[in-house]
Amino acid sequence: MTIVACSLMLIGILIYVFYPERHVESQTQKTRLEYLRERKEVLYDNLRDLNFEYRAGKYVEEDYAAQQGILETEAAEVVAEIDLLEAQPR
Amino acid sequence: MPTFGSFSLLLALALSGYTLLAGAVALRQLATGARARVTPEKLAETARRAGIGSFVATTAAAFALVWAAFNNDFSVAYILHHSNRALPGPYKFAALWSGQEGSLLLWAWLLAAYGFVLRLRHKVDVKLTAYASTILAGIQVFFLLLLNFAAMPFSLVGGTVPQDGFGLNPLLQYPEMVIHPPMLYLGYVGFAVPFAFALGALMMRYPGEKWIHITRRWTMVTWLFLTCGIFLGAHWAYSVLGWGGYWGWDPVENASLMPWLTGTAFLHSVMMQEKRGMMKTWNVWLIFSTFMLAIFGTLLTRSGLVSSVHAFAQSSIGSWFWAFLIIVLSVCLFTFILQRDHLKADNKLESLVSRESSFLFNNLVLLAACFTVLWGTLFPVLSEYVQGNRVTVGAPFYNRVAVPIGLFLLFLTGIGPLLAWRSSSFKSIRKNFVLPCIAGLVAAVVVIVCGVHPWEIFTTDGQGSFYAFFAFVLAAMVVTAISAEFLRGAGVISRHTGQGLLASMVQLTRRNTRRYGGYIVHFGVVVIFIGIAGSAFNQSKEQELGFKESLNIGPYRLECQSYSQDSNANYDTEFALLDVYRGGKKITQLAPEKRFYIASQQPSTMVANHSTLAWDLYVIYAGKNPDTGQPIIKVFLNPLVAWIWIGVAIIVFGTGVALFPNMTAALAASRNRVQSAAVADALPARGGD
């Protein structure tokens, strides 16, 4: 009984591991464009957070304006680079 | 069954070894572009599947051990030593983690289970997951080597097999013990996943911070398990060890606290990396340290390096763990040195008065606490090396250092969310700090009126009152700060949608579960601090109680109704029946007992506890006077203990909220309309982060 159970488990697992699979997921390295899109999302999130906290009355006008300016500049740079990369022929 | 179990462990080792080797070869081929007969993708796929297969084999081994326990198979030495026929079913199940070999099998099984989930979800990021899977396989190989060659759970008993086992340690025969160790292990083992992702991301020079986003839920779940494990352990110590406290700074308790402290620091500081691309090196080393501290904790529990109430799992496998720790540290150091240029920060700390700096302080304070605990835990060992005699470090050392650190952390919990990212102007600070400061002042007056006098520290040995005073005041400030955050956010939503304040708060939380779930966790932490502060006012009394004799403590009077003894197949017991009166009215009956377990020939205390929000009436049957035959009863009146367990429940709820996905449908629709950063201002409010 023990031998049967051990054999069944061994055969079952070996078939599962080495059964020839036609489709396997490719392992691609993330591109600069993908990275920039992620970065853009983060910056937009940061801007939304800032706007929300300002509307909630947490920041004074000067602080808000300064933060918004920095984030918008950063986001604009990222968007510009995305546009440049998307315009390039693949 | 023992043969099946041993075979399963061997098969699991072979499969994990294959996952490690084939995975590493495939990743190397992909990195170098080397050509091979089998494509690296196909090789990596077999490695992934072998990892899943190792989970099946490890599960089979764990099942075989539990089966042996339930079938009283005392031919297995582990079952002989940790079970007996009369042991109730749940404790037979708990026998799996009651001894050295079984608990290592649990470690391996949980690691395999985490690996199983990770490998099933590989499409999230195929390459990064392949790295993490290979690293996890490396850790799994270590535990399976231990189980196959050093701490074998299926070793057979030589000679005649005894009719009954030696039984389970009485200290472990308590309901929490069925769930406390698995929770703790889920926490310990779980940190292997963010560790594997962090190391993998560093090895492959993963661009961006998305690996943090991928591992966020893993880290939070792991942290939650460890938190629950620690507090279940505290509750177990409170209910079973019978000394009236819940935390004794025992080395094994400390071992679980250290990775919790660094893990908590990591949970906070990764936000800085996600949002601002800062503290990358710091975060990588935080998660490396957290994993190594989890292994170190297991080493402390297993090796007998330090004396502990958890001595039931000591053995000589410490050298294996030291070797593993050295290998892990070497791999981490080597990878870090090789790839350190990849960890350059995108931004710098712009101001000391900013949310970043509050996170940084929070991290420094948590690390200081971790170092204090580490120092205190290892001091007896170090002193033995240096002086030749072991100098133990007791609770006063830890309390002297850890209490002020804890209070400073509580302070940071309150001010962090009130500060802006990058920098806060004085005007902003004044605006946000007014309410919490008023709340703190009001609390200070109320607490003094209630009899907590901080100035007693100068006149008597009133350190407890001093710290409790500041704990209550800071708690009021933090609760106000958290409430203000909810109310402000809900106000914006309410103005936007016309909903009521409560509905707006719910919507606010659903829009940013991470942030507001985090605030709920902070609230739970505050409640725990209030509970701990209560310990400054503990009282105790010990008295022999004959029939109808009574004892007074605080507002309670305990009257002995009877005392007797009883026995069943598992243990003999002596107990007293005590009626509890308050204001002349009987409110409950308590039955503290002392058990003597037959199979293991060991005694155990069963505490009787009447718990209310104000205090716990904690009663112990301390023994019998041999001259009179009357019971000696020890009573503790411990204020606010229930708040600790309530705080933990709030933390569990808050973490559950934080784990829940944001309500993003509307947001996603809005995102499609976004053309540039300039229009982000027009987007609907989300709730901040």
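Each residue, glycine too, has its Cβ placed from N, Cα and C.
No curator has checked TrEMBL annotations; they are predicted automatically.
Confidence annotation: the domain 'Cytochrome c assembly protein' (B:97-303) carries a mean pLDDT of 89 in the model. If you look up TrEMBL, you'll see B:97-303 marked as domain 'Cytochrome c assembly protein'.
Feature annotation from TrEMBL assigns domain 'Cytochrome c-type biogenesis protein CcmF C-terminal' to B:323-659.
Positions annotated as transmembrane segment by TrEMBL: B:50-70 (among others).
The transmembrane segment feature in TrEMBL is assigned to B:128-151 (among others).
Residues or ranges marked as transmembrane segment in TrEMBL: B:185-206 (among others).
As annotated by TrEMBL, transmembrane segment applies to B:257-272 (among others). With a cut-off of 8 Å between Cβ atoms, the residues of this chain six or more beyond the transmembrane segment (B:257-272) that come close are 187-188, 191, 194, 212, 216, 219-220, 222-223, 226-227, 230, 278-279, 282-283, 286-287, 289-291, 293-294, 296-297, 356, 359-360, 362-363, 366-367, 369-370, 373-374, 377, 689.
The transmembrane segment annotation in TrEMBL covers B:284-305 (among others).
Counting same-chain residues at least six beyond the ends of the transmembrane segment (B:317-338), those with a Cβ under 8 angstroms from any Cβ of the stretch are 100, 142, 145-146, 150-151, 199, 202-203, 281, 284-285, 288, 291-292, 295-296, 298-299, 302-305. Residues annotated as transmembrane segment in TrEMBL: B:317-338 (among others).
Among the features that TrEMBL reports, transmembrane segment is placed at B:359-381 (among others). Within the same chain, residues 249, 251, 254-255, 257-258, 261-262, 264-265, 268-269, 271-272, 279, 282, 286, 293, 300, 305-307, 349, 390-393, 397-398, 401-402, 405-406, 408-409, 412-413, 416 sit at least 6 positions outside the transmembrane segment (B:359-381) and bring their C-beta atoms closer than 8 Å to a C-beta of that stretch.
The annotation transmembrane segment is assigned in TrEMBL to B:401-421 (among others).
As annotated by TrEMBL, transmembrane segment applies to B:433-455 (among others).
Under the heading transmembrane segment, TrEMBL lists B:467-487 (among others).
What TrEMBL lists as transmembrane segment is B:516-537 (among others). Residues of the same chain lying 6 or more positions beyond the ends of the transmembrane segment (B:516-537) and with a Cβ under 8 Å from any Cβ of it are 245, 406, 410, 413, 417, 464-465, 467-468, 471-472, 474-475, 478-479, 482, 485-486, 489, 508-509, 615, 638-660, 687.
Residues or ranges marked as transmembrane segment by TrEMBL: B:640-661 (among others). Same-chain residues lying 6 or more positions outside the transmembrane segment (B:640-661) and placing a CB less than 8 Å from one of its CB atoms are 217, 220-221, 223-224, 227-228, 231, 234-235, 238, 246, 509-510, 513-514, 516-535, 611-616.
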Do the transmembrane segment (B:401-421) and the transmembrane segment (B:467-487) come close, with at least three CB pairs under 8 A (pairs 6 or more apart in sequence)?
yes
